[in-house]
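> So that we are looking at the same thing, I have put the structure below in structure tokens.
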Amino acid sequence: MEKYHGLEKIGEGTYGVVYKAQNSDGESFALKKIRLEKEDEGIPSTAIREISILKELRHSNIVKLYDVIHAKKRLILVFEHLDQDLKKLIDVCDGGLESVTAKSFLLQLLNGIAYCHEHRVLHRDLKPQNLLINREGELKIADFGLARAFGIPARRYTHEVVTLWYRAPDILMGSKKYSTPIDIWSVGCIFAEMVNGRPLFPGVSDTDQLMRIFKILGTPNSQNWPDVFKLPKYDPNFPVYEPLPWETFIKGLDDTGIDLLSKMLKLDPNQRITAKQAIEHPYFKETS
């Protein structure tokens, strides 16, 4: 820690406190102090393993992890620092981002996700707050792999409930099979939010979250999701909703954009488009 000075608290994240600090050359970094739930046991070996993988990730759309400081009962992760996140940007852009901006950010997000999925790393907690943006319009994914290293928490350490808005229906219904489609669902939710200027599924509980999804995309059945009945929290008595036309809840997106979004937000995880396939979608071939 002696390398860094001028610590300034800039946030309270899902896994601990985030500080901005400088090194002796005056460069800025983001320091994440990870709180450990079972402090007497020290740092879980899974966390150490995952973080060593994160250090190997090198991509222009992923926040770089420079250093890991292993103190007694805590871990300090030293990341590159960016001033802005996508949530703040959406909040100040009333009615959604300009289409060319949304398209640029979506493509950068998919490029970063595709790279990680190729390296068998899942994010598992994608949301606009975890997407950082610099003044050049570059988007970088933060907190990659931390959800896997420390477990997806039901609550933040500050007792604030972690947002469910970007969580896939398969996870909400108790699926333990974490694979790449859970990140793609989150990307779809973020895409819709960039376009609409507000969250697509702002649920307040697991059940409310599912109902909001079903009311828009329709209730899953054996035709559109053959394995849905196997999920632990699937209820055969779920209310039956028909899917709404996309243009009724997505504004300002052309047909190719809606086609891409619909492929990301498939109820059945096995039917969701991959990040690599999404990058090749005609939506990115058009000029906005």
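Don't overthink the numbers, they just go from 1 along the chain as shown.
Cβ atoms are placed via backbone N, Cα and C, with glycine included.
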> Name the one residue among LYS32, LYS55 that Swiss-Prot lists for the same ATP site as ILE10, GLY11, GLU12, GLY13, THR14, TYR15, GLY16, VAL17, VAL18.
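According to Swiss-Prot, the candidate sharing the ATP site with ILE10, GLY11, GLU12, GLY13, THR14, TYR15, GLY16, VAL17, VAL18 is LYS32.
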> Name the one residue among ILE10, GLU12, THR14, GLY16 whose Cα is closest in three-dimensional space to that of ASP125 (active site, proton acceptor); these are the binding-site residues.
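Nearest listed residue in space: THR14.
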> Would you report the average pLDDT that the model assigns to the domain 'Protein kinase' (4-284)?
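When the pLDDT values over the domain 'Protein kinase' (4-284) are averaged, the result is 90.
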> How would DSSP class TYR15 (phosphotyrosine) in three states?
coil
> Would you mind pulling the longest C-alpha to C-alpha span across ILE10, GLY11, GLU12, GLY13, THR14, TYR15, GLY16, VAL17, VAL18, LYS32, which the record has binding ATP, in angstrom?
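Taking every pair of listed residues, the largest Cα separation comes to 14 Å.
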> Quick one: which residues besides ILE10, GLY11, GLU12, GLY13, THR14, TYR15, GLY16, VAL17, VAL18, LYS32 have a Cβ within 8 Å of the ATP site's Cβ centroid, in sequence order?
LYS33
